[in-house]
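Database features, via Swiss-Prot:
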type	residues	note
BINDING	Arg18, Trp19, His33, Asp69, Asp77, Leu78, Pro79, Thr80, Asp137	substrate binding site
BINDING	His33, His68, Asp69, Asp137	divalent metal cation binding site
DOMAIN	30-142	domain 'HD'
SITE	Arg18	site 'Appears to be important in orienting the phosphate for catalysis'
Amino acid sequence: MKQSHFFAHLSRLKLINRWPLMRNVRTENVSEHSLQVAMVAHALAAIKNRKFGGNVNAERIALLAMYHDASEVLTGDLPTPVKYFNSQIAKEYKAIEKIAQQKLVDMVPEELQDIFAPLIDEHAYSDEEKSLVKQADALCAYLKCLEELAAGNNEFLLAKTRLEATLEARRSQEMDYFMEVFVPSFHLSLDEISQDSPL
């Protein structure tokens, strides 16, 4: 059997730090970010289904979110101000992402490619799936800002403001629910969030 470097590459996502141009109280890597986005995306899909009459596959949404930044193992995490400096750069970066996604799919053994390609290639996502993953991605970036600000790092003030505008643009009923029910706890200390459930 032919060897595949697919998972060896993906394991290196933990070596790619996010927010590279900003001072961080705690560094966040792409691997841990992807896990958090998967958990939040799954929650958004579940909320949409249970509370607002949605009919999406929450488990698939979690998988899509888990792989949503996989191509960054080949491209790196380009800082947002660079990525969206102008429309031409944004377009070219999208093209580079597409090539990187295909390169990752090509690493997968041929008999498994039909399983992994729809998870890695964002063009295989439905509009609804893409929307939920993007909502979760923005929410997790926003939560990172809250954590940094709570630790006294004002470097994230402008990023928080920018992300609030992004969240408003992507606003949905499931996001409103998540923001109301889960986000306030991110402003609290460990002692405060542990009071109601001591071991």
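Each Cβ is built from the backbone N, Cα and C atoms, and glycine gets one as well.
Keep in mind that this is a model prediction, so the values were computed, not measured.
Taking the features listed in Swiss-Prot, we show where each one sits on the structure.
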residue	record	Cβ within 10 Å
Arg18	substrate binding site	20
His33	substrate binding site	23
His68	divalent metal cation binding site	24
Asp69	divalent metal cation binding site	20
Asp77	substrate binding site	18
Asp137	substrate binding site	21
Mean per-residue pLDDT computed across the domain 'HD' (30-142): 93
Inter-residue Cα distance where the pair is Asp69 (divalent metal cation binding site) and His33 (substrate binding site), in Å: 9
Candidate nearest His68 (divalent metal cation binding site) in space, where candidates are the binding-site residues Arg18, Asp77, Asp137 and distance is Cα-Cα: Asp137
